[in-house]
There are 2 protein chains.
Amino acid sequence: MSASPIFLGVIGVGGVGTAFLQQLARLPNAPQLVVLARSSQTLLAPTPAYSPAIPAADWATAAATPSLTKSGALQAEEIATYLASAPGRAILVDNTSDISLARQYPTFLKKGISVVTPNKKGFSDDLSLWKDIFASAAEGKALVYHESTVGAGLPVLSTLKDLVATGDEVTRIEGVFSGTLSFLFNTFAPASGSSDAQWSAVVAQAKELGYTEPDPRDDLNGMDVARKLTILARIAGLEVSSPDSFPIESLIPAELASLPSSADGITQFMSRLPEFDAQMANVKDTAEKQGKVVRYVGSIDVAAKAVKVGLQYFDKDSAIAGLKGSDNIISFYTKRYGANPLIVQGAGAGGDVTAMGVSADLIKVVERLR
Amino acid sequence: MSASPIFLGVIGVGGVGTAFLQQLARLPNAPQLVVLARSSQTLLAPTPAYSPAIPAADWATAAATPSLTKSGALQAEEIATYLASAPGRAILVDNTSDISLARQYPTFLKKGISVVTPNKKGFSDDLSLWKDIFASAAEGKALVYHESTVGAGLPVLSTLKDLVATGDEVTRIEGVFSGTLSFLFNTFAPASGSSDAQWSAVVAQAKELGYTEPDPRDDLNGMDVARKLTILARIAGLEVSSPDSFPIESLIPAELASLPSSADGITQFMSRLPEFDAQMANVKDTAEKQGKVVRYVGSIDVAAKAVKVGLQYFDKDSAIAGLKGSDNIISFYTKRYGANPLIVQGAGAGGDVTAMGVSADLIKVVERLR
């Protein structure tokens, strides 16, 4: 509750990082930005005063500020040492999607530096890293907030944590966790009205709109969803060893899985995808005949300790079927909430809403450290 | 972050209060319960040690504990003085729906006692009380958490506060905020299938199931919804002077409004309600002819500073129309979220889920005070 200074290091100035810096600039009582790093360059507030601070602005503006110390890429260990020596508590915001930086969270945390991040890699990798992160946080009396690793700024992890912490029994978690796959299925098999579009055409459209990764197979393989499920399952108390320890239904036809990930491989993939349209049309029709629609979902059955990711049929009047655009939806079935789940729905991707989750976490960490 | 002791006073042992005590008993690192009060009796841990603490249990068990100081009802001021003298930070949990206790929050807060409550009265009364509460909290460096005042344990206020704090522009908030009115309209005018039930029969059924207040007019007058809207609008930045400062469409026929609130008055109201079934059938049919359904909603247009509560028509495939049982739904339209709102949905009433919001708030306050 005291007003001791808090120091902030930010790594990553991509889409999320840039949106985060814009939000940081407008936060009242924001911590002092003393490290701003991107892949090949680092800005530091000069020691030993850690002042003047770096302005919270886009990279070019920040880098043009006089009186900052500039260097090439620093090792995570060096940034941790710099932050730990600041005259007050420190926070690292990791706005990258870099697994190697995530593996260094324990180094920061043990030094008492709290971590806030939308980077899902560290929390969805081997269970040993998950355990190391939280043990290191306890050891360093530091905090770890990672709301935006699932559903971006939507209140997903905070809600699950509240349910667990207050003693509710979470029985099942189910939802659409990928904005890309949400768009693909809402377009391919809408719950109201109908669509004649072939699956491959919908994928091509999504790629053109920039809704997919540069290589759409990075969405279609289901791994992004599997990583999110891993995080949720662990918070719900399941010891999921890794995101490939449970069934994931890939939407990449087996025949195309071995095409290279090069630009040429992507082109080949897109041009051959129509060969498999009949398969997806068949899935759609089968659902249709049951009065249902097909969706790509992740689910966690807590009691059965079963996590899975793949296609499933849903009643047309269900919340999952009625999803719009590229929205996510997450349903928590619990003992207290009974037959009707607690549902959170909305945009689950995008720079601004992802950064919002990061900023809101940062505010909470600052409130706890002050 | 230190492990200094925190002392807890709890007032109210009704449905929410009893569920809260059950949850408190299972919280790790719970604060020490040193005051437990109901309308006519108070239990206190003996001074000056404020130890042994009161067990977190139902009233009868707690009251049977030896070594506690017992008294009749204490003034709020006396409880505040007792808590403020404890050897550590203190928190008041108000599990009543008592406006007069809510008017005393500033007394507690100025003494540094944080307040956690599901009691919506204090936050939805005159704007002067709202301002006094938050000014007193700042003065006493105390915290105020009241998640369960809107939507019970659903993450409604925390989500709105995060949106506002991170600089999003909330343009509109809309939803079904009453479990009772949700049940009435989901039953009277379901979005899928159809119902022949008359309005008065649905009200009678809800009353029988215990879904309404003992006097159903306390639900039908819309005031509970208006109080929740007042709280949301204030957090969104609107200076709403009181919950009767904006249009509220009452579902009590004008001809029956003056019936007394006695048991006899309630009986008369229920027996005369069928006279007005044609009016509600007409509303339902009008919606039907437009392919829509009628729902009782609250909405806040932030830019226009317009708050209103009443009947509105919704497309049958909309999330509000598809609501089940007595669920609440709250949609936040914001600049960042664009055309598709951020939606929170689920049970918005009931002892367990309301207490969950209180317990989760308590955990957050303890985390910030430690």
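Cβ from N, Cα, C; glycine included.
Database features (TrEMBL):
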{"type": "DOMAIN", "residues": "B:12-147", "note": "domain 'Aspartate/homoserine dehydrogenase NAD-binding'"}
{"type": "BINDING", "residues": "B:Gly12, B:Val13, B:Gly14, B:Gly15, B:Val16, B:Gly17", "note": "NADP(+) binding site"}
{"type": "BINDING", "residues": "B:Thr96, B:Lys120", "note": "NADPH binding site"}
{"type": "DOMAIN", "residues": "B:155-363", "note": "domain 'Homoserine dehydrogenase catalytic'"}
{"type": "BINDING", "residues": "B:Glu213", "note": "L-homoserine binding site"}
{"type": "ACT_SITE", "residues": "B:Lys228", "note": "active site, proton donor"}
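Locations of recorded TrEMBL features on the structure.
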{"residue": "B:Gly12", "record": "NADP(+) binding site", "DSSP class": "coil"}
{"residue": "B:Gly17", "record": "NADP(+) binding site", "DSSP class": "helix"}
{"residue": "B:Thr96", "record": "NADPH binding site", "DSSP class": "coil"}
{"residue": "B:Lys120", "record": "NADPH binding site", "DSSP class": "coil"}
{"residue": "B:Glu213", "record": "L-homoserine binding site", "DSSP class": "coil"}
{"residue": "B:Lys228", "record": "active site, proton donor", "DSSP class": "helix"}
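Those same-chain residues not listed among B:Gly12, B:Val13, B:Gly14, B:Gly15, B:Val16, B:Gly17 yet with C-beta within 8 angstroms of the centroid of the NADP(+) site C-beta atoms are B:Thr18, B:Ala19, B:Phe20, B:Asn95, B:Thr96, B:Gly351. For the binding-site residues shown (B:Val13, B:Val16), fewest C-beta neighbours within 10 angstroms: B:Val13.
The sparsest Cβ neighbourhood within 10 Å, among the listed recorded positions (B:Lys120, B:Lys228), is found at B:Lys120. Proximity note: of the listed recorded positions (B:Thr96, B:Lys120, B:Glu213, B:Lys228), B:Thr96 have a CA within 10 Å of the CA of B:Gly12 (NADP(+) binding site), given in sequence order.
In terms of Cα distance, the binding-site residues that sit within 10 Å of B:Lys228 (active site, proton donor) are B:Lys120, chosen from B:Val13, B:Gly15, B:Lys120. Taking Cβ-Cβ distances under 8 Å and a sequence separation of 6 or more, the neighbours of B:Gly17 (NADP(+) binding site) in its chain are B:Val10, B:Ile11, B:Arg38, B:Asn95, B:Thr96, B:Ala355. When the alpha carbons of B:Val16 (NADP(+) binding site) and B:Glu213 (L-homoserine binding site) are compared, the span between them is 15 angstrom. If you draw a 10 Å sphere around the CB of B:Gly12 (NADP(+) binding site), it holds 23 other CB atoms from the protein chains shown.
B:Lys120 (NADPH binding site) sits 17 Å from B:Val13 (NADP(+) binding site), counting Cα to Cα. A C-beta separation below 8 Å, combined with a sequence spacing of at least six in one chain, links B:Gly15 (NADP(+) binding site) to B:Gly351.
When the Cα atoms are compared, B:Val13 (NADP(+) binding site) and the residue listed as 'L-homoserine binding site' turn out to be 18 Å apart. Cβ neighbour counts within 10 Å, taken over all protein chains shown, single out B:Thr96 as the most crowded of the binding-site residues B:Thr96, B:Glu213. The two recorded residues, B:Glu213 (L-homoserine binding site) and B:Gly14 (NADP(+) binding site), show a Cα separation of 15 Å. For B:Gly14 (NADP(+) binding site), the Cβ neighbour count at a 10 Å cut-off comes to 14, with all displayed protein chains included.
The predicted model assigns the domain 'Aspartate/homoserine dehydrogenase NAD-binding' (B:12-147) a mean pLDDT of 96.
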